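Contents: one structure, followed by commentary.
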Amino acid sequence: MERFRPLLNKVAMGTALNRDEAAYAFDKMMSGETTPSQMGALLMGLRVRGETVDEIVGAVSVMRAKMLTVDAPVGSVDVVGTGGDASGSYNISTCASFIVAGAGVPVAKHGNRALSSKSGAADVLAALGVRIDLAPAAISRCIAETGIGFMFAPTHHPAMKNVGPTRVELGTRTIFNLLGPLSNPAGVKRQMVGVFAKAWLSPLAEVLKALGSERAWVVHGSDGLDEITISGTTDVASLEDGRVHTFEISPEDVGLTRAAPEALRGGDAEHNAAALRAVLEGAPGAYRDVAVMNAGAALLISGRAASLRDGVDMAKASIDSGAAKAKLDQLARATQALAPQVDA
């Protein structure tokens, strides 16, 4: 711990940590070797100054090293958000995940229960009859057999229990809100990550580049959504061929109609489960349109689609053919069957 105090002093002076220093600090915190005061001081010092790319890379590398991993096919994708956008939207990325899987791209979905919203990915999946408490080996089998699997964050990141109480006591956003979406237990190399603030677009794309991602989009809607929105434009930082570039997209680009922000709002887990099921069963409207736009982007990132419009067309076909709904049914059945294999 002799090295930790000097790092605290560095942060207190407003000086950035290098990648190795950040990794050391987060290893000590996640191993339970720091006091709550030390942990809180470091987290708030980083938050006030603003976390750097190297600090996030160092922290994520530790989180990934400590996680319980899952095997997934090469080419698997994840569609995930940081949360914290206060939008109250329905579970867009979860719905999009079934659409992507229905289009033939394996999905290794990583998520949690609601932290700042009424319904997180885990909550809505449980309401849809999906068991979220599978052991890593069972999830690997689930993805292999059905083309989609859900990894419940607390199961795969046991070291987080050492920082959880301090995060709750702080009661404000910290670097850990960024680390979860960047720490997929299946090690996917292609992902779409939604963020709660536009300022994080390019930095998180650079983090993904440093951590070995092949292709990724980091997105933020003009309405504040940590997804691609259809109520306005969406800013994108795209990682492709080792380069990050930024651009803006709109629903009109792919033939979709804008909707009011209220049209994307959801409710509790039961409400959102019914909405998600309705979309997969072919119901028209804003819920469908925002899901197919997000799924279309994921299909582009995966390499299955040649353009965003092509991806949106594939996403629509995934729903209209019944393939997306079939993935939900397959996931529910597979997780129920595999549930007895859960570790005691």
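Glycine is no exception: its Cβ is also placed from the backbone N, Cα and C atoms.
As annotated by Swiss-Prot, anthranilate 1 binding site applies to G81, N112. The number of other Cβ atoms within 10 Å of the Cβ belonging to G81 (anthranilate 1 binding site), over all protein chains shown, comes to 29.
Per Swiss-Prot, 5-phospho-alpha-D-ribose 1-diphosphate binding site is recorded for G81, 84-85, S89, 91-94, 109-117, A121, and the stated evidence type is sequence analysis. Annotation for S93 (5-phospho-alpha-D-ribose 1-diphosphate binding site): same-chain Cβ neighbours under 8 Å, separated by at least 6 residues, are V79, V80, G81, K109, G111, A121, M192, G194, E227, N294.
What Swiss-Prot records for S93, E227 is Mg(2+) 1 binding site.
All protein chains shown were included, and the count of other CB atoms within 10 Å of the CB of R167 (anthranilate 2 binding site) stands at 18. The feature anthranilate 2 binding site is assigned by Swiss-Prot to R167, with sequence analysis given as support.
Taken from Swiss-Prot, the feature Mg(2+) 2 binding site applies to D226, E227.
Taking a C-beta cut-off of under 8 Å and a sequence gap of six or more, N112 (anthranilate 1 binding site) has these contacts in its own chain: G120, A121, A122, F152, A153, P154, G180.
When the binding-site residues S89, R113, R167 are ranked by how far their Cα is from the Cα of D226 (Mg(2+) 2 binding site), S89 comes first. The secondary structure of H110 (5-phospho-alpha-D-ribose 1-diphosphate binding site), as reduced to three states from DSSP, is extended strand. The DSSP secondary structure for S89 (5-phospho-alpha-D-ribose 1-diphosphate binding site) is strand.
Cα to Cα, R113 (5-phospho-alpha-D-ribose 1-diphosphate binding site) and R167 (anthranilate 2 binding site) are separated by 16 Å.
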